[in-house]
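**Student:** Checked Swiss-Prot, it gives:
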{"type": "MOD_RES", "residues": "Cys38", "note": "S-(2-succinyl)cysteine"}
{"type": "MOD_RES", "residues": "Cys151", "note": "S-(2-succinyl)cysteine"}
{"type": "MOD_RES", "residues": "Cys151", "note": "S-(2,3-dicarboxypropyl)cysteine"}
{"type": "MOD_RES", "residues": "Cys151", "note": "S-nitrosocysteine"}
{"type": "SITE", "residues": "Cys151", "note": "site 'Sensor for electrophilic agents'"}
{"type": "DOMAIN", "residues": "184-286", "note": "domain 'BACK'"}
{"type": "MOD_RES", "residues": "Cys241", "note": "S-(2-succinyl)cysteine"}
{"type": "MOD_RES", "residues": "Cys257", "note": "S-(2,3-dicarboxypropyl)cysteine"}
{"type": "SITE", "residues": "Cys257", "note": "site 'Sensor for electrophilic agents'"}
{"type": "MOD_RES", "residues": "Cys273", "note": "S-(2,3-dicarboxypropyl)cysteine"}
{"type": "SITE", "residues": "Cys273", "note": "site 'Sensor for electrophilic agents'"}
{"type": "MOD_RES", "residues": "Cys288", "note": "S-(2-succinyl)cysteine"}
{"type": "MOD_RES", "residues": "Cys288", "note": "S-(2,3-dicarboxypropyl)cysteine"}
{"type": "SITE", "residues": "Cys288", "note": "site 'Sensor for electrophilic agents'"}
{"type": "MOD_RES", "residues": "Cys319", "note": "S-(2-succinyl)cysteine"}
{"type": "REPEAT", "residues": "327-372", "note": "repeat 'Kelch 1'"}
{"type": "REPEAT", "residues": "373-423", "note": "repeat 'Kelch 2'"}
{"type": "REPEAT", "residues": "424-470", "note": "repeat 'Kelch 3'"}
{"type": "MOD_RES", "residues": "Cys434", "note": "S-cGMP-cysteine"}
{"type": "SITE", "residues": "Cys434", "note": "site 'Sensor for electrophilic agents'"}
{"type": "REPEAT", "residues": "518-564", "note": "repeat 'Kelch 5'"}
{"type": "REPEAT", "residues": "565-611", "note": "repeat 'Kelch 6'"}
{"type": "MOD_RES", "residues": "Cys613", "note": "S-(2-succinyl)cysteine"}
Amino acid sequence: MQPDPRPSGAGACCRFLPLQSQCPEGAGDAVMYASTECKAEVTPSQHGNRTFSYTLEDHTKQAFGIMNELRLSQQLCDVTLQVKYQDAPAAQFMAHKVVLASSSPVFKAMFTNGLREQGMEVVSIEGIHPKVMERLIEFAYTASISMGEKCVLHVMNGAVMYQIDSVVRACSDFLVQQLDPSNAIGIANFAEQIGCVELHQRAREYIYMHFGEVAKQEEFFNLSHCQLVTLISRDDLNVRCESEVFHACINWVKYDCEQRRFYVQALLRAVRCHSLTPNFLQMQLQKCEILQSDSRCKDYLVKIFEELTLHKPTQVMPCRAPKVGRLIYTAGGYFRQSLSYLEAYNPSDGTWLRLADLQVPRSGLAGCVVGGLLYAVGGRNNSPDGNTDSSALDCYNPMTNQWSPCAPMSVPRNRIGVGVIDGHIYAVGGSHGCIHHNSVERYEPERDEWHLVAPMLTRRIGVGVAVLNRLLYAVGGFDGTNRLNSAECYYPERNEWRMITAMNTIRSGAGVCVLHNCIYAAGGYDGQDQLNSVERYDVETETWTFVAPMKHRRSALGITVHQGRIYVLGGYDGHTFLDSVECYDPDTDTWSEVTRMTSGRSGVGVAVTMEPCRKQIDQQNCTC
């Protein structure tokens, strides 16, 4: 056949040359067939540079399926694993080295790195249960594994031994989903033993977050004293009050008092005892049998009791800061009329949440937190129908996104200040119509009762209130005639007020808070202008000093502290109801605008507590 002389291009044909056998004479048909050479020639298209590719998507699955069939029928297998585990009967599993090596770096090293197993047809395996090995071999061929819940720990341990990371991750994810108070410590210990960092971290985080429930379980009582000290020393332990930690330690000791009574002192030093109330300490010193039998521990707590009741500044461990979202809550406020809004700002991502409204609109109220619950205290309902001063106390639960009414105060209090000592709310000053109060009353949440305490030395509305070293400070305000720069301090043990150094500036409606053992007073109204100046009171030197001013003048502002920084929200600048939010960094002595409220307002109640349950709310992402 002669070659076709036509040029390449559309309609180009192929040239076929005759096949010529390269077989030696007499080699046989089979050999001749295998060695036949194709010499077909193809004339390319006019494009000339095209490529052809083809992928069979299911090839790997099909190939491994066939190899698994070969394994099950014991064909072409080149290794037998002889698995022996403790007293369990030995088992043999035939397999293909290449498949095992493809799924496990341990098997790959065993069969390719010149180890003695590389040339062995029977390999002895110890330290893993035959049923676990059977499942891991099945996974190598099928990429699928299933087991009962009780077997997960054993399979995960085997997967760790043979470095089958995908199985380790799957088991870890399953165990994370199974975490509950009764098994979290056991899972954490298991993860630590096998070196699974992620599972260990997730289990520990669960323990920290649910400490109160975990501390009631059998696993908790089986902790060693070193493990318990490490646990209760965590700053991120999530407890409503430090007495939970104290009781957990005492109960742990009682579980085996004869052996554990020697560890009481070490445990108490890990408890944040300065966060316990004097009343609680006094009761434990009187009634706790374990403390009665240990004079050193008793003396240690007596010393702390004295420091608390003498209001001494102490170098103590920091307050616990659980890794649960803590948001800045703003309740009520005023813009043309009193508002019922409850909103929460998340400084970590800049978002606002709209939550359950106050049952009655209020401005000039105060906010505080006790045991994770947000309280809205006093204020006034300014509405087109009239103005009504409020004696109300309402409690908001972030877990249910609901308000509940509590016992009202003895008198209505608008432009009130509040502070919390030993879990009790102190309502300070305020006004009822033209009456300017110097009276103060204390609310006990356990009893839902208010009781009057000693009145202030000065009548004050628009008063700033803060608590430091268990002392209640009332700063500035208006007495009905004059705006004030004076300040006074309440001693709960003596039930008396004492004047302290006056501020440098007259301030009514200032924002007052505590940061790093100092009292800050920001903004306010001096009788002529709204202020942007800020001053700080050092309780050691008993002096007020100015710090950097805010970027905006504001009175009737909201103020709080979040993660070591001061936040001021809203207020009135003399012309406008502000929506701006500023943040003060004490390390750099600077203010910065961080966000805007959803609308301008003054006279809000502000406090910080846990993030609300997302199932109960609809999140509103507010952009500034």
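Cβ coordinates are placed from backbone N, Cα and C, and glycine is handled just like the others.
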**Student:** Would you find the one among the modified residues Cys151, Cys288, Cys434 whose Cβ has the most company, meaning other Cβ atoms within 10 Å?
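**Tutor:** Compared across Cys151, Cys288, Cys434, the most Cβ atoms within 10 Å surround Cys288.
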**Student:** Tell me the residue counts in helix, strand and coil for the repeat 'Kelch 6' (565-611), as DSSP assigns them.
**Tutor:** 0 helix, 27 strand, 20 coil
**Student:** My understanding is the cutoff is Cβ-Cβ under 8 Å with a sequence separation of 6 or more in the same chain; which residues meet that for Cys273 (S-(2,3-dicarboxypropyl)cysteine)?
**Tutor:** Glu242, Phe246, Leu281, Tyr300, Leu301, Ile304
**Student:** Across the repeat 'Kelch 3' (424-470), what are the DSSP residue counts per state (helix, strand, coil)?
**Tutor:** 0 helix, 25 strand, 22 coil
**Student:** Find the one among the modified residues Cys241, Cys288, Cys434, Cys613 whose C-alpha lies closest to that of Cys319 (S-(2-succinyl)cysteine).
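**Tutor:** Comparing Cα positions, the candidate nearest Cys319 (S-(2-succinyl)cysteine) turns out to be Cys241.
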**Student:** To what whole number does the mean pLDDT across the repeat 'Kelch 2' (373-423) round?
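**Tutor:** Result for the repeat 'Kelch 2' (373-423): average pLDDT 97.
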**Student:** When secondary structure is assigned with DSSP, how many helix, strand and coil residues does the domain 'BACK' (184-286) contain?
**Tutor:** 79 helix, 0 strand, 24 coil
**Student:** I want to verify one value. Collapsing DSSP to three states, which class is Cys319 (S-(2-succinyl)cysteine)?
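**Tutor:** In the DSSP reduction, Cys319 (S-(2-succinyl)cysteine) maps to coil.
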**Student:** For the modified residues listed here, Cys241, Cys257, Cys319, Cys613, which shows the highest count of neighbouring CB atoms within 10 A?
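**Tutor:** Of the modified residues Cys241, Cys257, Cys319, Cys613, the highest Cβ count within 10 Å belongs to Cys241.
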**Student:** What is the interatomic distance between the Cα atoms of Cys257 (S-(2,3-dicarboxypropyl)cysteine) and Cys288 (S-(2-succinyl)cysteine), given in whole Å?
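**Tutor:** Just about 13 Å between their Cα atoms.
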**Student:** Using DSSP with the three-state reduction, classify Cys613 (S-(2-succinyl)cysteine) as helix, strand or coil.
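**Tutor:** In the DSSP reduction, Cys613 (S-(2-succinyl)cysteine) maps to coil.
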**Student:** To the nearest whole angstrom, state the Cα distance for the pair Cys241 (S-(2-succinyl)cysteine) and Cys288 (S-(2-succinyl)cysteine).
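**Tutor:** Spelling it out, the Cα of Cys241 (S-(2-succinyl)cysteine) and the Cα of Cys288 (S-(2-succinyl)cysteine) are 19 Å apart.
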**Student:** Quick check for the class: what is the C-alpha distance, in angstrom and rounded, between Cys288 (S-(2-succinyl)cysteine) and Cys613 (S-(2-succinyl)cysteine)?
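**Tutor:** Spelling it out, the Cα of Cys288 (S-(2-succinyl)cysteine) and the Cα of Cys613 (S-(2-succinyl)cysteine) are 37 Å apart.
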**Student:** What does the structure give for the C-alpha distance between Cys151 (S-(2-succinyl)cysteine) and the residue listed as 'S-cGMP-cysteine'? Integer Å is fine.
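**Tutor:** Rounded to the nearest whole number, the Cα-Cα distance is 74 Å.
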**Student:** Reported as an integer number of Å, what is the Cα distance between the residue listed as 'S-cGMP-cysteine' and Cys613 (S-(2-succinyl)cysteine)?
**Tutor:** 41
**Student:** Go ahead and report the DSSP secondary structure tallies for the repeat 'Kelch 5' (518-564): helix first, then strand, then coil.
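**Tutor:** Final tally across the stretch: 0 helix, 23 strand, 24 coil.
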